[in-house]
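Working notes, beginning with the structure itself.
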Amino acid sequence: MYASREDIGYDFGDDSKVGNKPIKPNPNIDGGWAWMIVLSSFLVHILIMGSQMALGILNMEWLEEFNQSRGLTAWVSSLSMGITLIVGPFIGLFISMCGCRTTAIIGGILNALGWILSAYASNVHYLFLTFGVTAGIGSGMVYLPAVVMVGQYFQNRRALAQGLSTTGTGFGAFLMTALLKYLCTEFGWRNAMFIQGAISLNLCVCGALMRPLSPKDLREKYVVRNDSEENRAKALSHSTETIKSNGVLDEEPEKKEEAANEEVPGSVQHIEIGGKSGSGRSMYGLRLFKTVSQLTVTVRKGFALWYSSYFGAASLFTNRVFVAFIIWALFAYSSFVIPFIHLPEIVKQYNLSRQDNVFPLTSIIAIVHIFGKVILGIISDLPCISTWNVFLMANFTLVTCILTLPLMQTYIGLAVVCAPIGFSSGYFSLMPVVTEDLVGTKHLANAYGIIICANGISALFGPPFAGWIYDITQKYDFSFYIAGLLYMVGIIFLLIQPCIQKKQSREKSTEEAQV
């Protein structure tokens, strides 16, 4: 029913093996410091994604304080959540130039600044700038490196590692909701945001833990992935062009560019050696020139990688399955966010508030969501299981539940549907794994930046769209039906494009055989 790894023509399997022998180029790959990276990413998800899922507490305070419409006030939270994801492609540029650690530390400072400045808000529009934009950009600068670093440090246990780190979202939803409730009750919402800003400075500590792997370790890991892909391609009699189109981007020009770039610092070193006999001022000037030259080379290389990933001959957009993945992402995330936003209102319409106050339906989704991420990650790491197939099955389960939810009008019925919604939405932990399989570790930052950007657009416009449908029909049923159908369109793209890719590869192989 689902396309296999070979059918897709992409490396959706466990790339850490060549033959039957696992290769670990560094003891910190799949162990050692890698688990500190998981801890760092886990804390990032608590402080960023958990805080965003608890913004309903502050939203009520803002409604009471500023006396604005619910729609206008809700845009503060939507902007923060949306911008966190939408800025992904631009954060990829920062990562290419500065690295994950520096990007995350700067983002932690910016996020804390956004929270603190929001404590002095005089109106909702002020919050748009300070909380929606400033804190949102800061969150994006920490969130993307947290995901990318886990992908770099893990080879055999990628799905499990991503699953464990992203469970911070569920834990954070509970912890931050309780914390913000307490702070708002005891100190008021302004002081609560000020304190939360101080807490957010811990994101800088999380960023400091993101110790980069050496270029040698990254190159060895990437070679292992390339060898696996080339062996599979030879077995399928694919051409060289086919291999390149399957996510392995041509790196020869880049290697030449790196060699040329290394000549600049090298020449500076020769100048410095010759200048040792000169005055101290000359030596200082030479060291400064060397530092500036190295920084310039780093910025040029980072920008070249970022630009080639999006617009060059080796653009990520030439990977058709990756393009289908982007289309899927545009519809998928809203189907997860809409229940969180609108379920409380549905419960109120069905006069189920008493049961929901005992155990909220959104809490059921959040709790099961935690287990779903871990369990799906464990299943995907099994050698006999395809991550791609697990990903597709989870998507089918989720879209079925979204379409079924409006049919339930009792608390038990809604709870029964919400549980699989939470579990199947655990596929979010597989998204970085699938993305890395499509484009490789080297291009993970830029590629995943595009995916979360698409998710951000979905999160930004999905809930308001559902509210607009309700204003027209006076029912939430059509909101879920439309969201589910759009989600199904995205899944169909994921199914069709690999089949087309397989057919084209076979036709090309046949033509080459005839020649």
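Note that Cβ sites are derived from N, Cα and C of the backbone, with glycine treated the same way.
Listed in TrEMBL for this protein:
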type: TRANSMEM; residues: 33-55; note: transmembrane segment
type: DOMAIN; residues: 37-502; note: domain 'Major facilitator superfamily (MFS) profile'
type: TRANSMEM; residues: 75-95; note: transmembrane segment
type: TRANSMEM; residues: 102-120; note: transmembrane segment
type: TRANSMEM; residues: 126-148; note: transmembrane segment
type: TRANSMEM; residues: 160-180; note: transmembrane segment
type: TRANSMEM; residues: 192-210; note: transmembrane segment
type: TRANSMEM; residues: 321-341; note: transmembrane segment
type: TRANSMEM; residues: 361-379; note: transmembrane segment
type: TRANSMEM; residues: 386-405; note: transmembrane segment
type: TRANSMEM; residues: 411-434; note: transmembrane segment
type: TRANSMEM; residues: 446-466; note: transmembrane segment
type: TRANSMEM; residues: 478-496; note: transmembrane segment
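Contact count against the transmembrane segment (411-434) (Cβ pairs under 8 Å) is highest for 386-405, out of 126-148, 160-180, 386-405, 446-466.
Outside the transmembrane segment (126-148), and at least 6 residues removed from its termini, the chain residues within Cβ reach (under 8 Å) are 40-41, 44-45, 48-49, 52, 62, 75-76, 78-88, 91-92, 94-95, 100-101, 103-104, 106-115, 117-118, 162, 165, 203, 206-207, 210, 432, 444-445, 448-449, 452. Counting Cβ pairs closer than 8 Å and at least 6 residues apart in sequence, the transmembrane segment (33-55) and the transmembrane segment (446-466) reach fewer than three and form no contact. Sequence-distant contacts of the transmembrane segment (446-466), counting only residues of its own chain at least 6 positions beyond either end whose CB sits under 8 Å from a CB of the stretch, comprise 71, 74, 78-79, 81-92, 96, 143-144, 147-148, 151, 305-306, 309-310, 316, 322, 325-327, 329-335, 337-338, 341-342, 431-432, 435-436, 438-439, 476, 479-480, 483. The transmembrane segment (321-341) shares the most Cβ pairs under 8 Å with 478-496, out of the stretches 75-95, 102-120, 192-210, 478-496. With a cut-off of 8 Å between Cβ atoms, the residues of this chain six or more beyond the transmembrane segment (102-120) that come close are 44, 48, 91, 94-95, 126-127, 130-131, 133-146, 190-191, 193-194, 196-198, 200-208, 210. Non-local neighbours of the transmembrane segment (75-95) in the same chain are 48, 52, 55-56, 58-59, 62, 103, 106-107, 124, 127-128, 131-133, 135-137, 139-141, 143-145, 148, 302-303, 306, 309-310, 333, 337, 445-446, 448-453, 455-457, 459-460, 463-464; each lies 6+ residues outside the stretch with a CB under 8 Å from one of its CB atoms. Two recorded stretches are said to be in contact when at least 3 C-beta pairs lie under 8 angstroms, sequence spacing 6 or more; the transmembrane segment (160-180) and the transmembrane segment (478-496) fall short of this definition. For the transmembrane segment (361-379), the list of distant contacts is 53, 159-164, 166-167, 169-171, 173-174, 339-340, 343-344, 347, 385, 390, 394, 411, 414-415, 418-430: same-chain residues at least six beyond its ends, Cβ to Cβ under 8 Å.
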